[in-house]
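*Asks:* Found this in Swiss-Prot, in case it helps:
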- ASP12: active site, proton acceptor (ACT_SITE)
- HIS40: active site, proton donor (ACT_SITE)
- 11-17, 39-41, ARG304, 330-332, 412-414: GTP binding site (BINDING)
- ASP12, GLU13, GLY14, LYS15, ASN37, ALA38, GLY39, HIS40, THR127, ARG141, GLN223, THR238, ARG302: IMP binding site (BINDING)
- ASP12, GLY39: Mg(2+) binding site (BINDING)
- THR298, THR299, THR300, GLY301, ARG302, GLY303, ARG304: substrate binding site (BINDING)
Amino acid sequence: MFTIITGAQFGDEGKGKIVDLLAKDYDIVARFQGGNNAGHTVRVGNEVYKLHLIPSGILLNARVLIGPGVVLNPEVLAKEIAMFEKHGIQVNAEKLGVDAKTSIIMPYHIEMDGLREESREKKIGTTKRGIGYAYIDKVARDEFRMAELVDQERFLARLEELAPQKEKEIATLGGDPKIVRDPALIERYLELGKQFATYITDVSREINKALDEGKHVMAEAAQGTHLDVIHGTQKFVTSSSTIAGSACANLGVGPTRVNNVIAIVKAYITRVGEGPLPTELTGELGERLQKAGGEFGTTTGRGRRCGWFDLPLLKKAIALNGYTEISLTKLDVLTGLNPIRICTGYTFKGENLDYPPELTADLAECMPVYEDLPGWETDLTEVKAFEELPENARNYVKRLEELMEVPINYISVGPGRAQTFKKE
């Protein structure tokens, strides 16, 4: 069985929590895109794990894989492995595999990313972690791959080949080109290469072999649908494809092998950084949602902008991903709000729309059309079953399900592993 999980909004939907919940039924969990510009927070008991590269399935018995569509900062990977080992969780080559073709984020990528963002008159909200520049080099065939990182001779030869051009690019951006051949940084990367040598694998072959043997494989996305580099709200997007089809392309698995595509959907909507958010709540109500939901980025710490549930954006996400089921998160955060609003469409230049316009600039001008539902006052964080929810909370979930026309199978009412239940 092959299952793909993606975020249906702008990221931060709670993918890590749901992956952690479901991973017990899977033999392999694989990350297929992005880098350490995304973050998952998983709570197990009193322990909190903040992950940026290693798939959330690491906390259970699954083998976890990092596919070749990821851009990997080896320093971040080393820190995550050390964090787990500090908690008594061994992350050896039997537990974690990294594809030999995975692109490496070099120190100069991070430098160039920061310089470019600072030079923009209008910021796009990059995390300045070198993600975009690593993807640029992948497309330009100027990348470093994991296979080169773990081979000192190849690594140094590749650096000599690429260094002159990278030094020129950094100088053009107003930076110090010495970072490209900094001896201390080179030595550190060679050390990291030795550390990761045993982790190298062929992710496509490993996943296809597992599927042939009847095993269960989960592909885990980072970010969210509307941050997709092609279909998202350009230019306020990430540098990779975040939708379900990307899992097949990046992991090297044929689309006919996909059995399920699960959407992770927040009961409201949030966005980090710049870009349109038609239902955005400003002032006291927006701050209340932000505080109640703990809406601060795992990666950047930036406060997330909050808004009411946006159905047109969800309709587009459903079309782009082909979802078979939905996991609804953070329902508890809406407690105490009355009414609770659902954006069912937009008005744009005198027209009524039930689907987002193609251009980002047009989406920014859309005004939401709302349907109001009565709220509830009961704390939901101890609820263990759908029938235990207050009537108005159940009605809200049912109405979302009706509007999205995709079944909601799981509901989350808190950050802990035990605070998610199946809707039956």
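The backbone N, Cα and C atoms fix where each Cβ goes, and this holds for glycine too.
Quick one: how deep are these features, and who are their neighbours?
*Replies:* Counting Cβ atoms from all protein chains shown, ASP12 (active site, proton acceptor) has 29 others lying within 10 Å of its own Cβ. The secondary structure of ASP12 (active site, proton acceptor), as reduced to three states from DSSP, is coil rather than helix or strand.
Cβ neighbour count for HIS40 (active site, proton donor) (all protein chains, 10 Å cutoff from its Cβ): 25.
Counting every protein chain shown, 17 other Cβ atoms lie within 10 Å of the Cβ of THR41 (GTP binding site).
Within its own chain, ARG302 (IMP binding site) has VAL272, GLY273, PHE296 as residues 6 or more apart in sequence whose C-beta sits under 8 angstroms from its own.
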*Asks:* Say you check the Cα of GLY11 (GTP binding site) against those of the binding-site residues GLY301, GLY303, ARG304; which is nearest?
*Replies:* ARG304
*Asks:* Need this for a regression test: recorded positions ASP12, GLY14, ASN37, VAL413, filtered to those with Cα within 10 Å of GLY301 (substrate binding site). What's left?
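*Replies:* Taking ASP12, GLY14, ASN37, VAL413 one by one, none has a Cα falling within 10 Å of GLY301 (substrate binding site).
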*Asks:* Roughly how many angstrom lie between the C-alpha atoms of GLY14 (GTP binding site) and GLY39 (IMP binding site)?
*Replies:* 10
*Asks:* If you measure from the CA of HIS40 (active site, proton donor) out to 10 Å, which recorded positions from the list ASP12, LYS17, GLY303, LEU331, VAL413 are inside that radius?
*Replies:* ASP12, LYS17
